[in-house]
Amino acid sequence: MGTMTNLVWRQLIKEKARTFTTILAMAVAATLTVATLIGINSARHSMYQDNIQNTGGLQFVLSKVNQETALAIQKKADISESVRYQQQGQISFADQVPNQPDSPLLMLPKPALQRLIQPILLEGRLPHNEQEVMLAQDLISDVYAVGKTVAAQRNGQRVVLKIVGSYRGYAGLMASDGAVTTGHFDGTKNYAVAAAFGNYGNFYAKLKKLTAQYHVGSDQQRVNELALKRAGESRDVKVRAMFVLLVIVVLSVIGLVSLALIYTSINLSVQAQTQRYGLLRSIGATPRQIRQSVYLQALTLALPAILLGLLAGIVGLSLAFHELNRIFKASGNTFQLLLTISWWPILVSGFFMLLVTLLAARRPAKRAAQVSPIAAVRAQSASRKVSQRMLRQGMLGRFLPTPIAKLAYKHYRRLGWSKVTMMTTLALSLMIFIGFTSFFRGMLTFSDETISRQADVTITKTQSLASANFSFNPRRLPGVKRGTVTGTTQVGLKNAPQAFHDRLNVIVVSDQTFGTVFKDQPTIITGSRLVTNSKTGKRQQQWDTPKDFAGTLELANEQSNQKTLTQPMKVVTKTAAEMTDWLVSDQSGLVLSASRFRQISQALQIKNDDITYAIQVLLIKPSFHETVASALRHELPHAALFDQIENDARGSSFQLAIQVMVYGFLTLLTLVSLANIVNHIFANLLQRRRSLAMLQSVGTTPSQIVRMLALENGFLFGTSMVIGSLLGTLLGWILHQAVNTGITMAFQVPWLEMGMAGLALLAIWGIFAGISFQIMRHQDIDQLIRVG
């Protein structure tokens, strides 16, 4: 251990109180850095794990490969999990849906069924043998329903399979039009491998290398892109760049406040040891050695601070995640936040804090090296240059009523660079708090007016018009407030008026509803949404169809011989707002009775009479959603059900997690900023204790000195508050403009955040005044004056 190192250790041990407070201040900054980086990493990993469950933990599928290639891929060192399956034939549904391509018949062994199909099972069960099959959701119909049979071609032979279930074709890695059975592999062709890399980092580069090695084309690949996007992995360079940019921006903000906090702590320590540095210079220490001792002292303090910050950040995140997961579980939500501790957040946090510490120590080290030995021994500070502007009374000074107020304002004007540093630090802290807090509050409470109104519970099924039960009354179900039973399809339009498209939605209702609600009048219901004009940036109301149209439309159907049949129809238009007593969700289209639509279908010779039959309900209370959903499944088996209440609960839980993480970050950021402000104020007070003691020696009372200091800080806080509020409002507006592209969020002046910041400064101002009074009452005036 060298001499300078030994001296640094002795000084730190000697000044235990100052050492402890400096480490504590650094630890707060380190906690913010560690908690932020580990929090971001844990959040993205949690979202990845939540979404990857839909594909059984597997990330991608490579299909249409031979058996040898499939086995080789499974044996790759970087493949952690994998299953194989095989296409063994096809099923034709052309008799029900003209021009429908054949669906692949996929044979999945039991492990593959559990991994790939069980998470997306919609109705029924998994196949138990080769005579059973599951169909994708879109293939289920009245003819091909669960419990019925379907003919298939398997390895060149015709087989009849029993339908035992259905799966969500668009939710996993399986084909959206596939049929799934089980059994044994046969032959060496048409294999597929579903697999996952051990680490999803740099996923697309690894996938590209793998597919290039085995000559797998892009049309043979399917990827769980949603889960990977949640983890920050995407084919789009912009998405990956956005994640990196987020980390850089967050670290920049943290670095800004941490730099000011650590600089103040180190600078205060250096100023308190000015005499010591002068004595070292007088016995031969070089300026370089003095600088090195300051850097060494800063690094010595930073290392335990980083360890404390790492411990505090991990423990704090662990407690927060545990409480959030408890809330999620109580609300019936399966989403869980997983604390993920990996090497890169820890290394980046440590390196970042060391870098900030060295930057913060640079100026104090330079100042310590420039200390004059004689001036230091005499405890004389370098005379500060006072400009003519500082000597002038100033406009505000002319209106101050008391000598103490005038003296406080004079001192405030003569603070020089100390005032600039304190004001800049305080204004930036206020800017960050006001700007970011107001922006995130607006984002997290934003309600997009363009989002359509949804029913609480909806169940839909594609079936023929003849089999649709339009007489079903949803209100007889317990807990239902209102409900609609409709069938939707589309018809063509010929010579359509301007603003109409070439096809029009048709909403089929019961004859009774058509008579009582619509007075037997074909009615177009039109909805609207707010869209942002790309040129002006203003919101405009856009209607699905003209809201004031009344006249004749020509319904049309183009035949295979290119002959078009038409059917004129007089219609009126009503807006969705006018139909709120009947509508339970936003729907647009031409409303017709079932019998009227049958007549039109016959006149237009529409052969395919399939409609999307839907029951939509609004509930008396959200708590009824499970009971109503069960009743609707019983009424309409093998149908797709959408529970908006459950979806909202999941969304609100996820939003709660985001709110806690965002506001936790802002809270830590605010604490660092407050610590910085307090550090500055008390550093200034300790530097001026001798001059304040001289004021006391000539008869100035402690209460008068405290009033003078309080007024000085009042001028400082007030000026910084005005500047910080303006800059914070500007920052909030810039962030608002940056995200205000796809959605339209009105900007609001952050009065709430300004009020919170003002109250915080008022509290600090009051606490400082009380502590200053105690210091002035108990300080030894003679000792402070004799030191000079």
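The backbone N, Cα and C atoms fix where each Cβ goes, glycine too.
The annotation transmembrane segment is assigned in TrEMBL to 20-40, 242-266, 298-321, 341-361, 420-440, 660-686, 714-735, 755-776. What TrEMBL records for 249-373, 665-779 is domain 'ABC3 transporter permease C-terminal'.
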So which residues does the transmembrane segment (341-361) touch in its own chain, when a touch means Cβ under 8 Å and the partner is 6 or more beyond its ends?
26, 29-30, 33-34, 37-38, 40-41, 251, 254-255, 258-259, 262-263, 266, 294-295, 297-299, 301-302, 305-306, 309-310, 313-314
Residues from the same chain, set at least six apart from the ends of the transmembrane segment (420-440), whose C-beta lies under 8 A from its own:
253, 256-257, 260, 264, 662-663, 666, 669-670, 673-674, 676-677, 680-681, 684, 716-717, 719-721, 723-725, 727-732, 735-736, 748, 750, 752-754, 756-757
Check the domain 'ABC3 transporter permease C-terminal' (665-779) for me and report the mean pLDDT.
78
Treating G and I as helix alongside H, and B as strand alongside E, what does DSSP give for the domain 'ABC3 transporter permease C-terminal' (665-779) in helix, strand and coil?
98 helix, 0 strand, 17 coil
